[in-house]
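Copied over from TrEMBL, here are the features:
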- 44-58: compositional bias 'Basic and acidic residues' (COMPBIAS)
- 123-544: domain 'Major facilitator superfamily (MFS) profile' (DOMAIN)
- 44-68: region 'Disordered' (REGION)
- 121-145: transmembrane segment (TRANSMEM)
- 157-177: transmembrane segment (TRANSMEM)
- 189-208: transmembrane segment (TRANSMEM)
- 248-267: transmembrane segment (TRANSMEM)
- 279-297: transmembrane segment (TRANSMEM)
- 337-361: transmembrane segment (TRANSMEM)
- 381-404: transmembrane segment (TRANSMEM)
- 425-446: transmembrane segment (TRANSMEM)
- 452-475: transmembrane segment (TRANSMEM)
- 519-540: transmembrane segment (TRANSMEM)
Amino acid sequence: MKPLSRHTTNDSSKSYLERELVISLDDGGPMVGATMMALEMDHEDTRTLEGDKRRSQDESTIENHTTKYDTQYTTDKQIDDSASSVHSANVTLSNRPWYEFWKVKQETHTDPRNFSPFKKYLILLIVSLAGSTSPISTTVYYPALVTMQHYFNTTDTLMNASLSIFTFFTAFFPLIWASFGDVFGRRRIYLVSFLIAVVGSVCCAVSVNITMFIVFRGFSAIGSSSVMSMGAGTLADIFEPHERGKAFAWYTCGPLLGPALGPIIGGYLNQGLGWRSNFWFLSIFSCCIWITMFFFFPETWRPAPAPGAETSPVPGTENNNGSVKKKTKRLVNPLSALRLLLFPNITLAVSFVGVLFLVFYLLNTNFTRTYTIQYNLNSGIVGICYLPLAFGAMIGGISGGRISDRLYNKRVVQANGESTPEMRLGGPLFYIAIVLQMFAFTGYGWCVEKNLHFAYGLAFQFLVGVTIMFPNVVLSAYMVDCFRKKGASVTACNNFVRYCMAGVGSLIASDIVNAMGNGILFTVCGVALFLASGLILIIIRYAKKWQKLRECV
C-alpha cells in the first residue's frame with residue numbers, strides 16, 4: 001500500500017475527498033483493485049495496452065463517483081442549513097404567545113442610518129405626531145380652565161395644580177422611559193406608554209371631582225411623556241449628525257402643533273360639547289397614535305456590542321458556531337440618565353433651557369385668564385389667540401434647526417473635516433434671537449398691563465414663539481450630538497430640568513402675576529433670559545476641554 005500512498009500524494013491532482021475514497025474502498029473490487037494492481041507493478045515495460053485502458057477507465061469512474069458525492073454532500077448540507085434556519089425562525093416568530101405582540105423581529109444586521117429616505121421620514125412623521133400628544137394634552141383644556149374651575153367648585157391654584165402635576169410627571173418619567181428604551185428598544189416602550197396614555201385620558205374624561213382629575217392627569221402624563229425623551233433618541237438612531245438639525249426642526253413641529261391646535265380644538269369642543277369632550281378627543285388621538293406605531297413603526301435601536309465581544313444578532317438565536325446564546329437578564333436603573341448632568345456642558349445647557357421654559361409657562365398659564373377676564377373673550381376665540389405664539393414657535397424651531405445645520409457643515413469644512421458638537425452653537429442669528437427674547441417678553445407684559453388692544457399682545461406673542469424655539473432646537477440637537485448613543489437619556493435630562501421649571505412656572509403663575517403685575521413680571525423674565533444666555537458662551541469657551549472629558553468616560 002506504500003506505493004499507493006506515494007502516488008496519490010505526489011502525482012495525483014484529485015481532491016482530498018477522492019483520495020480518502022480510494023483508500024476507504026480498498027475491498028478488492030474492480031474499481032480500486034485494478035488501480036492498485038497497476039500501481040504495484042515493479043517494471044514499466046511489462047504494462048500492456050489493456051492494463052493502461054483499464055486503469056484509465058477505473059480512474060475516470062473514481063472521479064465520477066467522487067464528484068457526485070461532493071455535489072450530493074453540498075446540496076444536503078445546504079438543505080439542512082436552510083431547514084434549520086426556517087425552523088429557528090418559525091420557533092421565534094410563530095410559537096410566541098399572542099400577548100407578546102411587541103416582541104418584533106429586529107433588523108439587527110441593518111444600520112438604521114442606512115434606512116431608505118422614505119422609511120426615515122415615515123419614522124420622523126410618526127415620532128413628530130406622537131410628540132404632539134403631550135403638548136396637546138397640556139393645552140387642549142387651557143380655554144376651559146375657567147369653566148372647569150366653576151364645575152369642580154375649586155380655586156384657580158388647584159386648577160393650576162392639574163397643569164403642574166402633568167408637567168412634573170412629564171419631567172420625571174421620560175428619565176424612566178429613556179433608561180428602558182436604551183436597553184429594550186424604542187418600539188415596545190412606545191406601545192406600552194401610549195396604552196397608558198389612552199387609559200389616563202379616558203379616566204380624566206369621566207372625573208367627578210378635582211382630586212380624581214388631578215390624579216389621572218398625572219397618569220396620562222406618564223404615558224404621553226415617553227416620546228419626549230425617546231423621540232430624540234429615535235432620530236439619533238436614524239440620522240447622521242450633518243442632517244440631524246433639519247430632522248430635529250421637523251420633529252419639533254409636532255410638539256409645537258400642540259400649542260397651536262390644542263387650544264383651538266379645546267376651545268370649540270368646550271363651547272359646543274362641554275369640557276369632557278376635550279379628554280375624549282385626547283383618548284381617540286392617543287389610540288390612533290398607538291395603532292399607527294403598532295403597524296408602521298420599526299425598531300430603530302441597536303444594542304452596542306461590548307468591546308472585543310462577538311456580536312449576536314438577537315438574544316436567544318444561534319451564533320456562528322451553532323451554539324445558542326442564552327438571554328441575559330438586564331437590570332435597568334431608571335435614573336441612570338441623570339448621570340449625564342455630571343458633564344458641565346450638559347448642566348449649563350439644560351439650565352438655560354430650564355429658565356426658558358419657566359418664563360414660557362408663566363406666560364402661557366396666565367394667558368387664558370388674561371384674555372378671558374380682562375378682554376372678555378369666549379373660550380373659542382381665546383383658543384384662536386394661541387395661534388400667533390404657536391406659529392412663531394414653529395417658524396423659530398424649523399429655522400433654528402436648518403440654520404444650525406448650515407453653520408455646523410460650514411464650520412466642519414473650515415476645520416478640514418474635524419467636527420465637534422459645539423460647532424452647532426452661536427452665529428449671528430442665534431445671538432439676535434437671544435436679544436429679541438428680552439424685548440418680546442417685556443413688550444407683551446406692558447401691552448397687557450396698560451390694557452392696550454389685545455392684538456398688540458398677540459404680535460409680541462408671535463415674537464416670543466420665534467425667539468424661544470430657535471435656541472431651544474439648537475441646544476436640543478447639540479446635546480444629542482454630544483451623546484449620540486444615549487440620545488434618549490440626554491434628552492430625558494433636558495426634559496427633566498425644563499419641565500420641572502415649567503411645572504413651577506404653572507403652579508406660581510396666578511399668584512406671582514397678582515403680586516407683581518404683568519408689566520414688571522415679564523420685564524424681569526426677559527432680563528433673566530438675557531443673563532442666562534451667558535451659560536451658552538461658557539459652553540463655547542470651554543468646548544475643547546469638555547470634549548476631552550466626554551471622550552475619557
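Note: Cβ is positioned from N, Cα and C throughout, glycine not excepted.
Caution: TrEMBL annotation is automatic and unverified by curators.
Beyond the transmembrane segment (519-540), the same-chain residues lying 6 or more positions past its ends with a Cβ under 8 Å from any Cβ of the stretch are 345, 348-349, 351-352, 355-356, 359, 362-363, 422, 425-426, 434-435, 437-442, 444-446, 448-450, 471, 475, 512-513, 546. Recorded stretches compared: 121-145, 157-177, 279-297, 381-404; the one with the most Cβ pairs under 8 Å to the transmembrane segment (425-446) is 381-404. Most Cβ pairs under 8 Å to the transmembrane segment (452-475), among the stretches 279-297, 337-361, 381-404, belong to 381-404. Only residues 6 or more beyond the boundaries of the transmembrane segment (157-177), in the same chain, are considered here, and those with a CB under 8 A from a CB of the stretch are 134, 137-138, 145, 148-149, 189, 193, 210, 213-214, 217-218, 220-222, 224-226, 228-230, 334-335, 337-338, 361, 365, 488-489, 491-493, 495-500, 502-504, 506-507, 509-511. Only pairs six or more apart in sequence are counted, and the transmembrane segment (279-297) with the transmembrane segment (381-404) gives fewer than three Cβ pairs under 8 Å, not enough to call it a contact. Of the recorded ranges 121-145, 189-208, 337-361, the transmembrane segment (381-404) has the largest number of C-beta contacts under 8 angstroms with 121-145.
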